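Visitor: Straight out of TrEMBL:
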type     : residues  : note
DOMAIN   : A:62-152  : domain 'FtsX extracellular'
DOMAIN   : A:175-295 : domain 'ABC3 transporter permease C-terminal'
TRANSMEM : A:24-47   : transmembrane segment
TRANSMEM : A:224-246 : transmembrane segment
TRANSMEM : A:271-291 : transmembrane segment
C-alpha cells in the first residue's frame, strides 16, 4: 500500500512539475478546454433560466370564447357541459371581466369615458391535458359556427409554443454536448500524444528496464485529469463572466415585458458537474493516446 | 539460469537473425558473446531480456518461458536484469543522478534508500561528484559508466551488456571490463557482447561465437 502511494505520489509530483515547466502550453490547453466547456454550460444556464420562468405559466390548453351580446348563454353552457374534451367550464360575465380588468390596471373608473361596458361575456374553457392540439382546433371551429359566438382564442398556445421551443433547445444542447465532448477527447488525446512524443525516449528506456504499463500511463493520466478539472473551472469562469456581462441587457429586455428576469450564474452543482465531466473526457483522451503508444512495445 | 532451446528469430521482412540456437548459461557465469556486427549478438541479448519474442523455440530465464510470458508479467521479469545498451539510451533531459534513479523509481524504492543506492552506484563506476551534471557534459567513457551505474543500481542478478567497449580506447575498455569482473566476483551473472575478441581473450572466460545467426566453434 505504501509502495502504491509512493508510485502515485511520484507520478503526481512529476506531472505537476511538468505542467509548471511549460506554463504557456498548459495555459493554452486550459483555455481550449475552458472554451469548449463554457459553450454547453452557457446554453444550459440559458435554457434552465427560461424554463424557470415558463414553469410558472399555465400550459394547460385554455380557450376563451367571447360571446355576442345576443348569445343564448344557457344553451351554450349546456352544450359545453356535455363536451367530453373539456375539463372545466367557467362563465365570466362582462361585469366580472370589467372588475378584474380594473383590478389589473389599478384604475377604478374605467367606465368614466365610456357610455357602456365594452367587454363581452365570455366562457373560459380548460381542455383536458390529453386532448391533442388538432382536436382543440376542431373545437374552436365548432364553437365559431354557433351564432352567439363572436371569437375564440386559444390562450395557452404561446406558452405551449415556448415550451416546445425549450424542448428543442434541450435537444440542441444534447447535440452540442455530444459534439464538444468528442472534440474535448480528441483535443486532449492530441495534447497527450504531443507530451508522449517529447518523452518518447524516457518511455522507451523505462519500458526496457522493467516499467509496467501503469507506470508509463500514470503521469499522463494525472496530467489529463488535472488539466480537465482546471479547464472545467476555466469554463465555468468564462460562462459566469459572459452571463454577468449579458445580464444588465437581459434585465432591461425582460423589464420591457414587465417581468423580472436574469440569467442564472453557475452554482456549485453545475461547477462540480462540469469539472467532473471535463476530467473524465480528458482522461478518456489520454487513455486512448497512451494506449495507442504503448501498443508498439512488447 | 538462462536456457535457449532451438531458438529462431525471424524479423518481419524475412531476415533470420538467429537460427535454431541452443545454449545454457549457469548462475554466476561470465560469458562473452563474440561475432561481427549483424551476427545476431544484439538479438540474442534482446531475447534474453524479453525485449524481443522468439519466432520459434524456448527462452527460459529462471525457469520461466519468456516466449509465453504475458505482457503484464514481462516488466517484472526485466527487473531481474541490468541492461547496458549499445547506444547507452541515456536521457539528456535530466541529471546524472536522475538517470541512475530511474530503475529505482520504477520499482518503487523509498527516498532515503534511493539516494543511498544511487550514490553508491555512481561511486562504484567512478562518477562520484558528477551526480548533478547533465550527461551531455560527460565524456563518451563516462556516459558508458553512467549507463552501467543505471544497470546495477537495483542490484540485478543478471547483467546484459551490448558492446560496452565499442568506441572506447583499449585502456578504457579494460577499465570497463575490470568493473564487470568486480560484479562477477560478487555473484552476478554476466553476458557481454563485443566484436573485438582480443579483449576477451585476456579474461579466459567462456566465449560464444555467433556467425550468421548460429554458434560457430
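Backbone N, Cα and C atoms are what each Cβ position is placed from, and that goes for glycine too.
Buried or exposed, and what's around them? Tell me for each listed feature.
Guide: Under DSSP, the residues of the domain 'ABC3 transporter permease C-terminal' (A:175-295) split into helix, strand and coil as follows: 104 helix, 0 strand, 17 coil.
Panel annotation: around the transmembrane segment (A:271-291), residues 33, 37, 41, 181, 184-193, 196, 216-217, 220-221, 223-225, 227-229, 231-233, 235-236 of the same chain, lying at least six beyond its termini, place a Cβ under 8 Å from a Cβ of the stretch.
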Visitor: Helix, strand, coil: count each for the residues of the domain 'FtsX extracellular' (A:62-152), based on DSSP.
Guide: 39 helix, 23 strand, 29 coil
Visitor: Across the whole of the domain 'FtsX extracellular' (A:62-152), what does the mean pLDDT come to? Round it, please.
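Guide: Reported value for the domain 'FtsX extracellular' (A:62-152) is a mean pLDDT of 81.
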